[in-house]
Amino acid sequence: MSSEEQLSAIKGAKVLMVGAGGIGCELLKTLALSGFQDIHIIDMDTIEVSNLNRQFLFRQSHVGQSKAKVARDVVLRFRPNISITPYHANVKESRFNVDFYKEFDVVLNGLDNLDARRHVNRLCLAADVPLVESGTTGFLGQVTVHLKGKTECYECQPKPAPKTYPVCTITSTPSKFVHCIVWAKDLLFAKLFGDKNLENDLNVRSSDATNLSEHSEDVFECRKGEDIEQYGRRIYDHVFGHNIEVALSNEETWKNRNRPRPIYSKDVFPDKLTKENGKTEKGSATDDVSAMASLGLKNPQDIWSLAENSRVFYESLRLFFLKRQKEIGNLTFDKDDQLAVEFVTAAANIRASSFGIPLHSLFEAKGIAGNIVHAVATTNAIIAGLIVIEAIKILKKDSNSYRMTYCLEHPSKKLLLMPVEPYEPNKSCYVCSETPLSLEVNTHHSKLRDFVEKIVKAKLGMNFPVIMSGASIIYEIGEDLEEDMVAIYAANLERALSELPSPVISGTVLTIEDLQQEFSCRINIKHREEFDEEREPDGMLLSGWVEAPVDKNNNKSIGNGESTSSVLSMEEIQEGEKDVEIQETSESAENVTGKKRKLSEVSKGTIPDHSGLPDESSRNQNQLEKLDVDDEDDELIISNDWESLTKKKRL
Amino acid sequence: MNGEELTEQETALYDRQIRVWGADAQRRLSKSHILVYGMKGTVAEFCKNIVLAGVGSVTLVDDREVTEEALSANFLILPDENLYHGKTLAEVCCDSLKEFNPMVHVSVEKGDISTFGVEFFGKFDAVVISCCSLAKKKLINQKCRKLSKRVAFYTVDCRGSCGEIFVDLKDYKYSKKKLEETVECQLEFPSFEDTISVPWKALPKRVSKLYFAMRVIEQFEDAEGRNPGETSIADLPGVLKLRKELCETNSVNESQIPDALLERLLMDTSEYPPVCAIIGGILGQEVIKAISGKGDPLKNFFFFDAMDGKGLIEDISEPKPVS
């Protein structure tokens, strides 16, 4: 490993790291120790206390400072003579364009969100620079290698989208604690403390239009002369009492479900509340305002009773109005906002109590509401070591030895670290194989706006798209657009597809480009009259690449926000964390080239269901096929490489 | 109450890892004492991991001076002669480790670890040794086993692109999650000496070649009176001769231990930072699991070879009699 050739490949290499967090810190350290001398690192975040358990380059005194800059400073202390260039910036900024990427010999990702990874993936493809991707969650981790034309790109395998829930489940028929959290966070909290102009499903009643006029926005506004306690009780009674009664009145809903019970404040709190809170801190800083502190509830791991939750509900509501009046109307839920977390926990628990769902502690609720990824230092260290090993192979152009490596919590066939050969590019990948996609849509009903928001931005992940029909640009987002073009595009957005100046109808082929990502794809349009409201609520069906299966009941849906988990395709392999064996049929008979990976059929990756209830359907879908292990061979070769159709034997 | 509940500071700092192993495990970690011997790169990684995890204390033993070689894979040593002059490896590492987590007590113990008595080892919950000869490994392991209290024992060694961990938890009871339930388990670990005495013929055919290769090198160093890692390619003939003898004694084919592998282990004796990170990480996880009493422990060898990228567990023990 210490050959001259290797040393000089490392010494002369220019490496880009994206992310200076959990993986980033470990990676920067290992790269520096391994002899790398020119490292660039991009990270837009600042250091937080919760980072310090694993992002070991950072100290308490660094909290609030730029991760990229501090990481650099600390590593230079034990390797003073190398060059580390930090960028405290968002990797999606336009200055990080294809020319920027072309300067590097390899790009190493240590990111925590899908969006940024797709972005970097496209730029690496455009620049033809090798990319090493990675991710960790708890004890699980993986490292994957991506080389244009030689291996799958990061998007060849569909990545599971953040889990979403049908609106009616959230508003009317919750069955899991996470549903209550989403209700408390995205509906109630948003309604009480967020932007009042935003649409909110809180009072949606599927079959009760007549009552809507009574239950207008007024209900949640403080009335004249009403004190906080009265207001608090009124809100409590409305959402936990009245609304439940209204829901109960619809017999159909409850035919096959457990009925919720309405809860009224008088039953939980017959007495006045304010006298209990006499001991509230005066003049405490906004940051320290906490219902738990004020009520003497010390342990965030405790599961509170209904009464305690109700107390927290009132107290947090009261404290928001008392101490943070100015912010009301502008707040969004932030997991690091203690009072917000307390309110959401309490509200979710009361709702859960009503529906017979087990209550959770603040600690647990915070994790669910904040999509917190559990993380430890050791996994990040292991993954960082594996990344460097792959990076060195890439620099040596040792293509036969590239591996994707999976770090498992439970050994599979004695292996805790499982290397797998990378796969050929997916010929249907719309990102790297330029396969055209197809879109079924009602071209007379659907507007361009729907297409842009739901398809171009959401599904295709483009930030600055240019949409063309033939030679005409029907829409674009950019920085230097002329005013009259902007006006035309704005008008176009509101038009139905078939009514655009350049009509988009059945048979039209749209070309969509993102110049920054240097990525373009074609979409064949096919007109369809009818769409199933339940199963295809968007009124559009995009096809042409292997899509991660979506929840069948996914009508108009609400998400819980994207988890910052970096481990996505790991779900395919680690679902249930049992003795899952990574296997594949040795004869991929269906495929002409015999190289397409079967695991894509298995992908039912979902962000782990934090409610603690096993996700039955996803476990069953993980039917992995058996591998023909060659008994003579000491090595576990899973797939063929792109150079031969025969299984490779190794030393 | 003091020492029973996690403090607010601990809860905030350890939030992300408490979500992995729970508050109970975190409490046990905060009361644990770890002894570490042999401050090379891999051990530095390991120490960083357990300090971050929030163990009660870490005691370092290594009286060697700081050298160029020590600097190469050990990020705890800052290359400033003024800082490390006159200090031992343990002392320099101690200073750096303290910074990672002020709540962990990090200290140095001086002296020849071979002379420390059984009671000394009894102060610890886990003992991790590196850079030890065959004799030393056996000796320290025996002392740990003499105690009625369970002292988890680990050896760790990295040479070039290879790494090895050995685990001895004696008689170990622990719990683990199976589906939604918590299950109580028990495992018996053989001592280091007993483990390496298991006749090679009795082992399953597919046991990692690295296991055998490391034993050959280990015995070679022992026979030649070398310090661990003090070998070169010039030793190949001697090593091949020893391999032949050992294979004959054990009635196994010499091809079980390829020349190429032995060559690599003889030549690349210095540590390779990516392997240090990997082995240090695996070891860190194991010690954390053992202290918290949760999760299947690694039994009883772990091997990693960057050449093939596999990290595997080998259970080297007497095959159980069929009942």
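Cβ coordinates come from backbone N, Cα and C, glycine included.
No curator has checked TrEMBL annotations; they are predicted automatically.
Copied over from TrEMBL:
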ACT_SITE  A:Cys168  active site, glycyl thioester intermediate
BINDING   A:19-24, A:Asp43, A:51-54, A:Lys67, A:112-117  ATP binding site
BINDING   A:Cys153, A:Cys156, A:Cys429, A:Cys432  Zn(2+) binding site
COMPBIAS  A:555-568  compositional bias 'Polar residues'
DOMAIN    A:4-429  domain 'THIF-type NAD/FAD binding fold'
DOMAIN    A:326-366  domain 'Ubiquitin-activating enzyme SCCH'
REGION    A:552-633  region 'Disordered'
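Chain B comes close to none of the recorded positions A:Asp43, A:Cys156, A:Cys168, A:Cys429, A:Cys432, judged by a C-beta to C-beta distance under 8 angstroms. Neighbour list (A:Cys153 (Zn(2+) binding site), Cβ cut-off 8 Å, at least 6 residues apart, same chain): A:Asn121, A:Leu125, A:His146, A:Pro425, A:Cys429, A:Val431, A:Cys432. Across the domain 'THIF-type NAD/FAD binding fold' (A:4-429), the model assigns an average pLDDT of 89. Note: the domain 'Ubiquitin-activating enzyme SCCH' (A:326-366) comprises 24 helix, 0 strand, 17 coil (DSSP; helix = H, G, I, strand = E, B). Within the same chain, the residues at least 6 positions away from A:Cys156 (Zn(2+) binding site) whose Cβ sits under 8 Å from its Cβ are A:Tyr423, A:Pro425, A:Asn426, A:Cys429, A:Val431, A:Cys432, A:Ser433, listed in sequence order. A:Asp112 (ATP binding site) sits 30 Å from the residue listed as 'active site, glycyl thioester intermediate', taking the Cα positions as reference. Secondary structure from DSSP puts A:Cys429 (Zn(2+) binding site) in coil. All protein chains considered, the CB of A:Gly19 (ATP binding site) has 29 other CB atoms within 10 Å. Apart from the site residues A:Cys153, A:Cys156, A:Cys429, A:Cys432, the chain places the Cβ of A:Leu125, A:Glu152, A:Tyr154, A:Glu155, A:Pro425, A:Asn426, A:Val431, A:Ser433 no farther than 8 Å from the centroid of the site's Cβ atoms, the recorded Zn(2+) location. Here A:Cys168 (active site, glycyl thioester intermediate) is positioned 39 angstrom away from A:Asn53 (ATP binding site), judged by their C-alpha atoms. For the pair formed by A:Gly19 (ATP binding site) and A:Cys168 (active site, glycyl thioester intermediate), distance between Cα atoms is given as 38 Å, rounded to the nearest Å. Cβ neighbours within 10 Å of A:Asp112 (ATP binding site), excluding its own Cβ and spanning all shown chains: 23.
Distance from the CA of A:Cys168 (active site, glycyl thioester intermediate) to the CA of A:Asp43 (ATP binding site) is 39 Å. Across the structure, A:Gly22 (ATP binding site) and the residue listed as 'active site, glycyl thioester intermediate' are spaced 38 Å apart at their Cα atoms.
Following the DSSP three-state reduction, the secondary structure of A:Gly19 (ATP binding site) is coil.
Here the recorded positions are A:Cys168, A:Cys429, A:Cys432, and the one whose Cβ sees the fewest other Cβ atoms within 10 Å is A:Cys168.
A straight line from the CA of the residue listed as 'active site, glycyl thioester intermediate' to the CA of A:Asp115 (ATP binding site) spans 28 Å.
Look at A:Asp112 (ATP binding site): DSSP puts it in coil.
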